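*Asks:* Would you mind keeping the following structure in view while I ask a few things?
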Amino acid sequence: MSGVVRTLSRCLLPAEAGARERRAGAARDAEREARRRSRDIDALLARERRAVRRLVKILLLGAGESGKSTFLKQMRIIHGREFDQKALLEFRDTIFDNILKGSRVLVDARDKLGIPWQHSENEKHGMFLMAFENKAGLPVEPATFQLYVPALSALWRDSGIREAFSRRSEFQLGESVKYFLDNLDRIGQLNYFPSKQDILLARKATKGIVEHDFVIKKIPFKMVDVGGQRSQRQKWFQCFDGITSILFMVSSSEYDQVLMEDRRTNRLVESMNIFETIVNNKLFFNVSIILFLNKMDLLVEKVKSVSIKKHFPDFKGDPHRLEDVQRYLVQCFDRKRRNRGKPLFHHFTTAIDTENIRFVFHAVKDTILQENLKDIMLQ
C-alpha cells in the first residue's frame, strides 16, 4: 500500500511544481503590469502638473459695468474665436432689449425731470413704448421690434429726450443706448444681424462665472469673468485658486455717477473700495494685479464738461485737463496699496476699441509672464 502512495506522490510532484511556477510567473506579470500602470499614472500626473503650472489663469475683477465682459469679448475676437449663429441671435436679443429698456428710461426721466416735449405728438409714442412689457423675459422677435422702430426714431429725434439724455448722470442709463439709437435704421431691419461693434456694445449683466480659453505662443491662457454687481461678488472666492494674475477693471468715467444697487454710493469710490480689499489680500501676495482704467473714450468727453472736483474735493489740478484727471485717478488707486514694494501696473483702456485692447493686452501678457511665470519653458 505504501508503495502505491509513494508512486502517486512522485507522479503528482511535477504537476504541483509546475502550478507553483505558473502562479509565480503570473504574480511577476501582475507586478510588472502594476509597475507599468504606476509609471503611466506618474507620467500623467507629471504632465498634468506641468500643464497646471504652465496655465496662465487671469481673473477679471471690478464693479458692475466696468467693462469686464466687453474685454472678454475682445479676447475672443482678437484670438480668432468667431461667434456662432446661436451667439449672434442671443446678442441680437440683448441689443433689442437694451434699446427698448434704455428708451423707456429716457421717456421716464424726461417726465420726472419736468422736461417738455419738443413735439407734443411724441407723447403718444412715449406712452406706446412705456406700455411695452416683457415679463416672461422672452426674446423680442425682429418683427415685434419693428413695430416700435417708428416710435423709437421719433422719440430719439425729440429735443426733450435729447435733453434728458444730456442729464443721464442723474439717473441710471446704459452707455450703449446712444450708439444703438443712432444706428436704429440698420438695427431695425428684419434681416439684421449684429456687427462686431454691436456685440461689443451689447450689455447684459454677467451672472455666475464665464471662462474663455486661448493659447498664445503655446502657452495656455484661461480668462475668468465674474459678475461685478454686489449680489455676485460672493462668487469671486470660487475662482481664486491657481490665479496667475488679476486684471482689475474700473470705469474711469464714472466719477459723477452712483451705483444702481443703492443709488447713493459714488461708482468710483465703490471701485476704490473693492480694489483696496483685493490688492491687500494675503491670498494675492504673489499675484500680479494690473489696473485697467477703462472707458477712456467716455472719460475724454466727460472731462470737457463735468468737473471731477465737484465729486472729489481733494483733486488738485485743472479738472478739465485730461492728463491731470488721469494722474489723479492713478494716485487714488495707488494710495490704497499697503505693500509699496511692488509696482502698480496700470493702463488706460477703451474696451470697445479692438486695436487698443490688442495693443494693451500684448503689454499685459509680457508683464504677467515676466512677473509670475519666469520658470515657464517655451516649447
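Think of each number as a place in line: the chain as shown, counted from 1.
Keep in mind that glycine also has a Cβ here, set from the backbone N, Cα and C atoms.
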*Asks:* When you get a sec, could you say which of 146-153, 282-289, 290-297 is annotated region 'G4 motif' by Swiss-Prot?
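*Replies:* Among 146-153, 282-289, 290-297, the range Swiss-Prot annotates as region 'G4 motif' is 290-297.
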*Asks:* Which stretch, out of 19-24, 49-54, 265-270, 349-354, is listed as region 'G5 motif' by Swiss-Prot?
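*Replies:* Going through 19-24, 49-54, 265-270, 349-354 one by one, Swiss-Prot flags 349-354 as region 'G5 motif'.
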*Asks:* Any idea which of 29-42, 57-70, 155-168, 183-196 is down as region 'G1 motif' in Swiss-Prot?
*Replies:* 57-70
*Asks:* If I go by Swiss-Prot, the feature region 'G2 motif' sits on one of 9-17, 99-107, 198-206, 360-368. Which?
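*Replies:* Here Swiss-Prot associates region 'G2 motif' with the stretch 198-206.
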*Asks:* Name the residue range among 81-90, 211-220, 221-230, 231-240 that Swiss-Prot annotates as region 'G3 motif'.
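*Replies:* From Swiss-Prot, the annotated region 'G3 motif' range turns out to be 221-230.
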*Asks:* Cα-Cα separation of Asn294 (GTP binding site) and Thr206 (Mg(2+) binding site), in Å?
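*Replies:* Here the two Cα atoms lie 18 Å apart.
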*Asks:* Using a 10 Å cut-off, grab the number of neighbouring Cβ atoms around the Cβ of Leu200 (GTP binding site), all chains included.
*Replies:* 24
*Asks:* Quick one: DSSP breakdown of the region 'G1 motif' (57-70) into helix, strand and coil?
*Replies:* 3 helix, 6 strand, 5 coil
*Asks:* Looking at the binding-site residues Glu65, Gly67, Ser69, Leu200, Met296, which has the shortest Cα distance to Thr206 (Mg(2+) binding site)?
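*Replies:* Out of the listed candidates, the nearest Cα belongs to Ser69.
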*Asks:* Among Thr206, Asn294, all listed as binding-site residues, which has the most CB atoms within 10 Å of its CB?
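*Replies:* Most Cβ neighbours within 10 Å: Asn294.
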*Asks:* Cβ neighbours within 10 Å, counted over all protein chains: which one of the binding-site residues Ser69, Ala351 has the most?
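*Replies:* Top count of Cβ atoms within 10 Å goes to Ala351.
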